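Student: Dumping the structure here so I can ask a few things about it.
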Amino acid sequence: MEEETPTMAGPGPGRKHDNGVNDPEEGPGSAGDGISSLEQPLLKKSNTLTANHLAMVGAKVSHIESLDYEIIENDLFKHDWRSRSTVEVLQYVFLKWALAFLVGLLTGVIASLINLAIENISGIKMLHMVQLVRDKRYWAGFFYFSGFNLALTFVAAVLCVVFAPTAAGPGIPEIKAYLNGVDTPNMFGAPQLIVKIIGSICAVSSGLDLGKEGPLVHIGACLANLLSQGGSGRFRLRWKWLRYFNNDRDRRDLITCGASSGVCAAFRSPVGGVLFALEEVATWWRSALLWRTFFSTATVVVVLRGFIEVCRGGRCGLFGAGGLIIFDVGDVTVRYRLGDLLLVTLVGVIGGVLGALYNHVLHMVLRLYNLINDKGRMAKLALALAVCVFTSAGLYVLPFAVPCTPCDPAFGAACPATGRSGNFKQFNCPAGQYNDLATLLHATNVDATRNIFSTGTPGEFRLDSLLIFFAIYCVLGLFTFGIAVPSGLFLPIILMGAAYGRIVALVLQSAVAASIDHGLYAVLGAAALMSGSMRMTVSLCVIFLELTNNLTLLPMTMFVLLIAKTVGDAFNPSIYEIILDLKGLPFLEPKPEPWMKDLTVGELAAAKARTISLQVVEKVSTVLEVLRNTGHNGFPVVDRPRPGLSELHGLVLRSHLVAVLRKRWFLAEKRRTEEWEARERFSSVELADKNCKIDDLELTPEELEMYVDLHPFTNTTPYTVVETMSVAKAVVLFRSVALRHMLIMPKYQGPEISPLVGILTRQDLRAHNILGAFPHLSKKSKAH
């Protein structure tokens, strides 16, 4: 039910949405009389343009707002920049580079410790379980293996369910939304960081079909956010230098550095990490940010390399030389003929189809999980534990279903392997034989990847074992992602793709003479499935190049990635776009819908309620009533220099209005203040505070009758567009410049014409919201 609120200084009423949630950006509306100054609308419209501001952040329903990436060029900001000395400017530049270094350093250290913990916990679990199997105590081995995994999963799930619900999942969709301009609350705090670290160790060590790569990206973003703010809560540092970063723009840049550092830490891929941030998560980019992200990833690589050298030779327990080195084939010469390109094309096409199918099925599973998770904490915990029991049973029992394989004498003492990580796991087999399926299932995801990628082993894995491994990992991957534990998609998809690549290699081996090694087919299969699901090309290509350390594999990897992405795009969006849509995060896509060209921003504004605007010198009671009756975060400010003439002065933020009221900077008479008057009472640090609560604000009747001068706080250079601009063009501008508000100006201006047609926000430019107000456009959207 719509609820009318009284108009303060604007020409029309503000209004709440049908769902009872105020638009947190700006009230839906236009400031003119009637609908629009355009004479004839292109299409019929419904009464309102509505939006829902509730979304899933991690595993928690939250109220969503946008971020202020735009520079607020008011008088106080201009004075602050003009008054900064050369030393302060150098401090700001130095601090940006110092924080980028710290982000890389801490991400590298934490990633190394996570790897070390996972390898040791998983190694101890596997050694004891294998010993029980060797002693033919099969039931004891099963209960030990399942109980160990259940305990680890229980710890990870309880941490996520009780202490930090937003730490569940990979965190990459929320980071992508944040860098797009969506404020994802409680996503990058200290609780999320701690739960993500401990939860990732427990979840990966428990044998669940998930990776630590997505959580590492989230960990890097959390570190960046905490460093930019000097900490969290009452432990927050109040250094004077950190005031420079008390804004959304610089925090966005540092979180971008954190995301790229996380990818680098996961794959030891510095250039791949930078390109991942550029291609997949970042919406806004510039050359200076490129240098800083590369500096962060370079720092990560140095730290990782240091840990590898320290741990080489078994000085880190079961960690050994593994954990950080996935696949190094620098000494392998890759030779291929023209005919091999046809086979590689087949790998790419099938990989694209399988990736799209995986996205489709995962979409349905996540919708089901949302219904289960809505039932409360116990339902989330029970779901995680049920998936763990199913996973443990599959991993333990399935290796018994395949026969043992005799060791090739050429491998010498390496076959069979009875202890630590490596190929040719003996498991339940007699001396001189190994269980190829146990080699893949009874290992960490990193170890399994290293084993299945190994070159020079065309006969190590049987076809039936690879088919079982591919099937169980598909099923486990679909049902594991979405439970209430920190989880990543990278390694599960890589393992599925690698198994698929080896299956293709074995099938082709008997049909045609292929010259490419089976391990390299596994690499191409992993790249194809990753591209088919995640739709990344350039960053994936460089990540695989840095993993393999072999330039000769580059052309075929590029070829496979392009084919798989093209095929996948023909069926459905990428997996992260699907998750963003499921969570309801208002992410603006880079490419507007084709039918948006048939609609103008003036018509879009006419489908909203009239905009609430304020005068340059406004009454205190009016400002207070506007704030109490609306949830808007921006208000147009209109100046009337003389009777009959009005002009747009700019846009003032809600937080600035609250700051003025709290400081009681009021005037006894209606007048414009001098520049020095506002500077005496307000600083840029105070205005950067986003405290918008006014519930506890008490003003006397005398204060309510006073005035406040808004011109020192008004952004006099907001982004404006003419009402005849197409919505498609407005979407591109809004996203490219990372706006929060877009003001619409009339095409014709004059004394009797309102200087403002309306104001658009992120929610107004989302396709499904527009289709709700203009149902006739839905036919065109289906046609396209």
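Any Cβ shown, glycine's included, is placed from N, Cα and C.
Sharing the features that TrEMBL gives for it:
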- 1-37: region 'Disordered' (REGION)
- 97-118: transmembrane segment (TRANSMEM)
- 139-164: transmembrane segment (TRANSMEM)
- 284-304: transmembrane segment (TRANSMEM)
- 316-336: transmembrane segment (TRANSMEM)
- 342-361: transmembrane segment (TRANSMEM)
- 381-402: transmembrane segment (TRANSMEM)
- 466-491: transmembrane segment (TRANSMEM)
- 503-530: transmembrane segment (TRANSMEM)
- 536-564: transmembrane segment (TRANSMEM)
- 606-669: domain 'CBS' (DOMAIN)
Student: Looking only at the domain 'CBS' (606-669), what is the mean pLDDT?
Tutor: 89
Student: Who are the chain neighbours of the transmembrane segment (342-361) in space, where the CB to CB distance is under 8 Å and they lie at least 6 residues beyond its ends?
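Tutor: Distant contacts of the transmembrane segment (342-361): 336, 474, 477-478, 493, 496-497, 500-501, 504, 508, 512, 514, 516, 521, 524-525, 527-534, 556, 559-568, 570-575, 578.
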Student: Under an 8 Å Cβ to Cβ limit, what residues of the same chain, 6 or more beyond the ends of the transmembrane segment (381-402), are close to it?
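Tutor: Distant Cβ neighbours of the transmembrane segment (381-402) are 129, 141-142, 145-146, 149-150, 153-154, 156-158, 161, 206-209, 369, 372-373, 427-428, 435-438, 441-442, 462, 464-465, 468, 472, 476, 479-480, 483-485.
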Student: For the domain 'CBS' (606-669), DSSP counts of helix, strand and coil?
Tutor: 21 helix, 24 strand, 19 coil
